Amino acid sequence: SLFELGKMILQETGKNPAKSYGAYYCYCGWGGQGQPKDATDRCCYVHKCCYKKLTGCNPKKDRYSYSWKDKTIVCGENNSCLKELCECDKAVAICLRENLNTYNKKYRYYLKPLCKKADAC
């Protein structure tokens with residue numbers, strides 16, 4: 001769910017997930033279209049594509065369990081869809097941390113209509 005995703009992003013990046021990524025560039029937050037604009041935006045693009053591959057669960061609402069061991073996210077679900085959902089969220093949180101150097105505050109509230117149509121998963 002969005003709750004676990006936000007928690008993972010905070011743990012990995014140290015940033016407030018809603019404030020920092022809730023409307024960042026073209027793909028972070030709701031919606032998404034066009035070419036990802038930087039490495040941070042590409043993390044969110046890949047995450048949206050990961051969600052599109054899931055069947056049998058609701059990425060925004062369904063809760064899953066994970067643990068934080070030695071600064072590492074460990075997904076712990078028996079249900080395959082919830083496990084995959086956790087892995088999608090884990091991947092984006094790690095990607096955002098690895099690309100903190102590309103994060104630019106000026107794109108925090110980017111107008112999505114400025115993102116040109118294209119790039120589908």
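In case you wondered, yes, glycine gets a Cβ from its N, Cα and C as well.
Predicted, not measured: the structure shown is a model, and the values here were computed from it.
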Cysteine from Cys43, Cys75, Cys81 that Swiss-Prot links to Cys57 by a disulfide bond: Cys81
From Cys44, Cys49, Cys50, Cys121, the residue that Swiss-Prot pairs with Cys88 through a disulfide is Cys50
Among 27-39, 66-78, 105-117, Swiss-Prot lists region 'Important for membrane-damaging activities in eukaryotes and bacteria' at 105-117
Spatial neighbours of Leu111 (site 'Hydrophobic membrane-disruption site (MDiS)') among the recorded positions Cys26, Cys28, Cys49, Cys88, Lys105, Lys117, using Cα within 10 Å, are Cys26
Comparing local Cβ density (other Cβ atoms within 10 Å) for the recorded positions Cys28, Leu114 points to Cys28
